[in-house]
Amino acid sequence: MNEARERWTSRSSFIIASVGAAIGLGNVWRFPYICYENGGGAFLIPYFIALLTAGIPLMILEYGLGRKMQAGAPTAFAMVRKGAEWVGWLSLMVVMLIFLYYPVIMAWCVDYVTYAFNLGWGADARTFFERDFLQLSGGPGALAGIRWPIVIGLAVVWLAIYLCLFKGLKALSKIVFYTVIIPWVILVIMVIRGLTLPGAIEGLKFYLTPNFSVLLNPRVWLAAYGQIFFTLSLAMGTMIVYSSYLPRKSDIANNSFIVSLANCGTSFFAGFAVFSILGYLAQAMGVGVPEVTKSGFGLAFITYPTAIRLLPFIPAFFGILFFLLLLTLGIDSAFSQIEPFVAGFTDKWKFNRKRVLPLVCILGFLIGIVFTTRGGYYWLDIVDYFANTFGLTMVGLLECIVIGYIYKASKMREYVNDVSEFSIGKWWDICIKIITPVILGISFILSIVTLIRKGYGGYPAWATIIGVVITIGIVVMSFVLMSLRGKTMKMEASETD
């Protein structure tokens, strides 16, 4: 479609960039907790089944669509059918919400790297994080003042994102080798250190001991499918645009399996680093492992720093390593969120990428300052919930419908098999047309029912309503962007491409 389109310098750079996009903060602070909470080692059974029936099939779908159409998400869906363009824009509107707050979390990590030198969080990591660092206000209705240390960290993060992207794929192909390999090196060091601590085995028992009775619980299976869907960075437009930069002779099926398995393997391995430390912390504090087990921000900025401070040997070094781990995991995810957004506009309107990129980075930084206020934490949590729970689920469901029924799953499968080292069978059609959309549909409906009945996070109703309005707003904006006149495009990529 676009003769001047940039290309990855090698297959390995594409795979590593995709792995970096998929592996993020959630691999460290979400998967181990989800596994522990849903049957320990037994959770790996539904998790692996979800990987084979939803994760890898959706990865193949996005790689196949991007590679065939040679365009970012909006243009790619428009080439399937003009009226489907809004699905691509919706994925970019969702990823826009995410990249407005995601760098703020990374800014926290930047600040915590500096605190780690002297273990600045002290004996009470919770009080330090909530009262001293975030200086939390009373709720989402009180933004109060801006936390300037976080703003400075945010500026550093956005500058790093810009520097990683502004020279295009050639530079990015080199950068990803470091930003993907370094976290793995750090993770190995953290696992080795964790396993040598007293209490580590007890922590791992809670992580891995199987409780097979949970396999009869439908919510455990939904948790497995939900984790697979979110951990692979699907429905964000990232994998579509990354595969659009592939050269003509590029394997789709094999790459999908490699990236998906690498991501899930990292999640599982990270659990050893997390639960060995939690086991040590529980023993040091004289409590049970469940009492110190948390996920998300609580694990990263409260529980883990508490454990690091109690380490018997060079705790500051391991504190620095831990937050560098989060930073390097986050940076790949961050610029993989920006790239599809920029490509969406440059593909449709032929904007100059070197002008669009700095504009996106500057606006992202300025809007992100809202999340650096004393009430910003609450809004970060609310936007994160609506973007992931409703936005990404909606996009994934729509992708399955458009490719499975409008474009035809069999047609995409034939294309993928033509350019792949091994062929995928009709099982892929069943996954895309039935299994994945049914699971996503059930999850979406249950989330709506739960929101109506219980609200979210104990926040006031008006804050939840704003979250709903934002979600509806990005859907409307997707149709608006589709309606705007862009460049002329062919309705389908060449069959011989």
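Along the chain as shown, residues are numbered 1 onward.
Glycine is no exception: its Cβ is also placed from the backbone N, Cα and C atoms.
Straight from TrEMBL, the features:
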type	residues	note
TRANSMEM	12-31	transmembrane segment
TRANSMEM	43-65	transmembrane segment
TRANSMEM	86-108	transmembrane segment
TRANSMEM	146-165	transmembrane segment
TRANSMEM	177-201	transmembrane segment
TRANSMEM	221-245	transmembrane segment
TRANSMEM	257-282	transmembrane segment
TRANSMEM	313-335	transmembrane segment
TRANSMEM	356-379	transmembrane segment
TRANSMEM	385-407	transmembrane segment
TRANSMEM	427-449	transmembrane segment
TRANSMEM	461-484	transmembrane segment
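The recorded stretches the transmembrane segment (12-31) and the transmembrane segment (461-484) do not share 3+ CB pairs below 8 A when only pairs 6 or more apart in sequence are counted, and are therefore not in contact. Note: the stretches the transmembrane segment (427-449) and the transmembrane segment (461-484) are not in contact (fewer than 3 CB pairs below 8 A, sequence gap of 6 or more). The list of residues near the transmembrane segment (146-165) in space but at least 6 beyond its ends in sequence, with Cβ under 8 angstroms from a Cβ of it, reads 103-104, 106-111, 133-135, 171-172, 175, 179, 331, 334-335, 338-339, 342, 357-358, 361-362, 364-365, 368-369, 372-374, 376. Count of Cβ pairs under 8 Å against the transmembrane segment (177-201): among 86-108, 221-245, 257-282, 313-335, 385-407, the largest is for 257-282. It is 43-65 that, among the stretches 43-65, 257-282, 313-335, 461-484, forms the most Cβ pairs under 8 Å with the transmembrane segment (221-245).
By number of Cβ pairs under 8 Å, the transmembrane segment (86-108) is matched best by 385-407 from the list 43-65, 257-282, 385-407.
Sequence-distant contacts of the transmembrane segment (313-335) (same chain, at least 6 residues past either end, Cβ-Cβ under 8 Å): 17, 20-21, 23-25, 27-28, 99, 102-103, 105-106, 109-110, 112-113, 115-119, 157, 160-161, 164-165, 172, 176, 179-180, 182-183, 186-187, 189-190, 193, 233, 300, 304-305.
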